[in-house]
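Novice: Would you mind keeping the following structure in view while I ask a few things?
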Amino acid sequence: MPALWRSTFVLGMVLLSISRPSLASEAVGQGKEHTITTLPIVIWKWEEIHFPYLVALWILVSWLCKLVFQLNPCLTRVIPESGLLICIGWVLGGIIYGADKVQTFRLQPFTFFFYLLPQIVLDAGYSMPNKLFFGNLGAILVYAVIGTCWNAATSGLALWGCWLGGAMGNIDTGLLQLLLFGSLIAAVDPVAVIAVFEEVHVNEVLYILVFGESLLNDGVTVVLFNVFDAFVSLGGAQIDAVEIIKGIISFFVVAVGGSLVGVVFALLISLLTRCTKNIQIIEPGFIFVLGYLSYLTAEMLSLSAILSCTFCGVCCQKYINANMDERSVTTVRSTMKVFANGSETIIFVFLGISAIDPSIWVWNTAFVLLTLLFIFVFRFIGVFLLTWILNQYRLVPLDFIDQLVMGYGGLRGAVAYGLVLLLDENKYKEKKLMSSTTLIVVYFTVMLQGITMKPLVTWLKVKRAAVSERTLAEKIQNRTFDHMRVAIEDISGQIGDNYMRDKWNNFEEKWLHWLLMTPIARKSCDPIFNIFHKLNIKDATSYVKEGERRGSLAFVRNESKADVDFNKKFGADFSEVMPYIMTENMGQDHVPVSSILRDSVPSVCLDMHEQDLKMRESEDFDAHHLLQQHLYKGRKQHRHGYSRKHLEVNKDEHEVQEIFQRTMRSRLESFKSAKMGVAPPKKISKHLKKDQP
């Protein structure tokens, strides 16, 4: 705790240094320009660089805030990260207000919607597990679209009824304004809940339903907000059946149109990454620039920018990951996480700072308490009602505990506060009351529900996800069951999810892979190639771990020093069947090693069966001779050099292809000799030129 307070004191000093120059700059700006009478050695130029300087300092302060509570891990186990950031925002806001006697820093809507939110949405879409997302897309859309409309309508109508009954006192509002408030307060923020769900490892279905619903919910909320804002501008007297029908049509056009814009930009990104082989150093930039342009383009066309950016990330991730170099993929993932996490940190800190401003607070106890009650009750009613309908058609229905967790996980966040700041005070006389109530709702849900979410999940004994990775046999069985379900649907004449998924996979393999992937990327998508690659990676990892345990890899030079009987393992001269792990997806930095430390199952059997074969004894073998005999010798040695355009030089394109073919041939010959009793072929000391592709 002393370290925590010291860090908080340092942040306070930084905030004072930020706020004080702003007043000084105003004083200088009001004064007269100084006349230079001699050559100055140093000039104070705060007016010229104060804006980028303040931006950089706030980014630094926000990240230091995250560092502060990480000094005490006990806090993060009890309070969610978003709640701690809001608390630190309260402290920083108090320091700023005490220094300047006015709140000089606020979360501006333009900054939030055009600089902070796009990074979070793009990262969420890019990190989305596609198979789970599209497999549960129907349920996600039901919760995100119908559930959001239900929450907005019921909350707004309930508040309107209480206002008519006089429960809120004398406030200047109406039906349309309360419906608009209900639409913006229905925005669910996924940050705290997803963090808890990842920590306790809830089951995959519950995770993807909450994650997908909260992500698409933000886009639907913005669309509803714009529709009701247009209704308020028209006025209640001019709204008839035609205008209501136009509003419904506008809702679907804006939502679907924004999604289509995101798909178009995803196709464009995938096509561009096909041509970036020689400019790998800048190919990650295309993803960020075009992803941001998808957001701005949808906003320019008055479509849903959030849905556009979301579907851009969801639809392009598979193709760009296959087309780009492995290091570029790592760069994209790491940079996206930095931007998204930094934006979330800044948003929650400023949500806390915004509260320390007496000018924005207007208090109405009945309005605040009724809002909290209605959003809580109608959230549960909507989840239970929609889940009951979905369970009539789901093969595996959602149980009561999952529904309870989904209803309790409706946390409100920065999207709701950003929307309420967009309101015009000339049209909405009670804007300050709505802003104050929105802040209270955000603090209540993030703090109280966020703190109690983890104990609730543990107490209810929510079904957990399997932490261990599936074995090869389990993956093959699941794939077999998928084909069986497709066959059953085809025979019975029914068109279900499995049938549509199979048709989409056929269309994707026939057209989209050819259009959006490079030839090398298409080959890497082959299931046999993927299994081969994973087995080799597993072999190499086990081999290196054994070497690290012994302190040296010299044990491979003498068979008597190794723990594995290679002759018993393979039933032939080990040098005849040594596999290679070099594939097309691996560069020259990866050193080929043998699969000599697998389980008691030979590699050629793909972990499917185990055999004991007659062995021929060999006294010893030389590892250097074995590698020289069977691995392909590079035509050029790698030279370390500097290049601004390329990440590596002197890479032979034919080498990895030849190694892969020889490795597969060696595996098949070894399997044939072990399974069918065929004598192994003779040693090949030199690869013939005619066998090259």
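Placed from the backbone N, Cα and C atoms, the Cβ positions cover glycine too.
Taken from TrEMBL, the feature signal peptide applies to 1-24. The transmembrane segment feature in TrEMBL is assigned to 50-69, 81-99, 105-126, 133-153, 173-197, 206-228, 248-272, 279-295, 338-356, 362-388, 400-420, 440-460. What TrEMBL lists as domain 'Cation/H+ exchanger transmembrane' is 75-459.
What's the neighbourhood like for these features in this structure?
Specialist: Listed as Cβ neighbours of the transmembrane segment (133-153) (distance under 8 Å, sequence separation of 6 or more from its ends, same chain) are residues 179, 182-183, 185-186, 205, 208-209, 212-213, 215-217, 220-221, 224, 255, 314, 375, 378-379, 382-383, 385-386, 389-390, 394, 406, 497, 501.
Counting residues 6+ beyond its ends, the transmembrane segment (206-228) has Cβ neighbours under 8 Å at 121, 124-125, 128-129, 132-133, 136-137, 139-141, 143-145, 147-149, 152, 176, 179-180, 183-184, 186-190, 193-194, 197-198, 247, 250-251, 254-255, 258, 302, 304-307, 310, 398, 402, 405-406, 409, 415-416, 419, 462-463, 465 in the same chain.
Counting same-chain residues at least six beyond the ends of the transmembrane segment (248-272), those with a Cβ under 8 angstroms from any Cβ of the stretch are 125, 145, 219-220, 223-224, 226-227, 230, 286-287, 290-291, 293-294, 297-298, 301-316, 319-320, 323, 515-517.
Residues of the same chain lying 6 or more positions beyond the ends of the transmembrane segment (279-295) and with a Cβ under 8 Å from any Cβ of it are 118, 121-122, 126, 261-262, 264-266, 268-269, 272-273, 305-306, 308-309, 312-313, 316, 320, 324-325, 327-328, 331-332, 335-336, 644-647.
Nonlocal intrachain contacts for the transmembrane segment (338-356), taken as residues 6+ away from its ends with a CB within less than 8 angstroms of a stretch CB, comprise 58-59, 61-63, 65-66, 82, 85-94, 96-97, 103, 105-107, 112, 115-117, 119-120, 122-124, 191, 413-414, 417, 439, 442-443.
Only residues 6 or more beyond the boundaries of the transmembrane segment (362-388), in the same chain, are considered here, and those with a CB under 8 A from a CB of the stretch are 142-143, 146-147, 150-151, 154-155, 158-159, 162, 167-169, 171, 185-186, 398, 403, 406-408, 410, 412, 430, 432-433, 436-437, 440-441, 444.
Residues 78-80, 82-83, 86, 185, 189, 192-193, 196-197, 199-200, 202, 351, 355, 368, 371-372, 375, 401, 404-405, 408-414, 416-417 of the same chain lie 6+ residues outside the transmembrane segment (440-460) yet bring a C-beta within less than 8 angstroms of a C-beta in it.
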Novice: State the non-local partners of the transmembrane segment (105-126) in its own chain: residues 6+ outside its ends, Cβ under 8 Å from one of its Cβ atoms.
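Specialist: Counting only partners 6 or more residues beyond its ends, the transmembrane segment (105-126) has Cβ contacts under 8 Å with 19, 58, 93, 96, 190, 211, 215, 218, 262, 287-288, 291-292, 295-296, 299, 305-306, 309-314, 316-317, 332-333, 336-337, 339-340, 342-344, 346-347, 350-351, 353-354, 357, 414-415, 417-419, 421-422.
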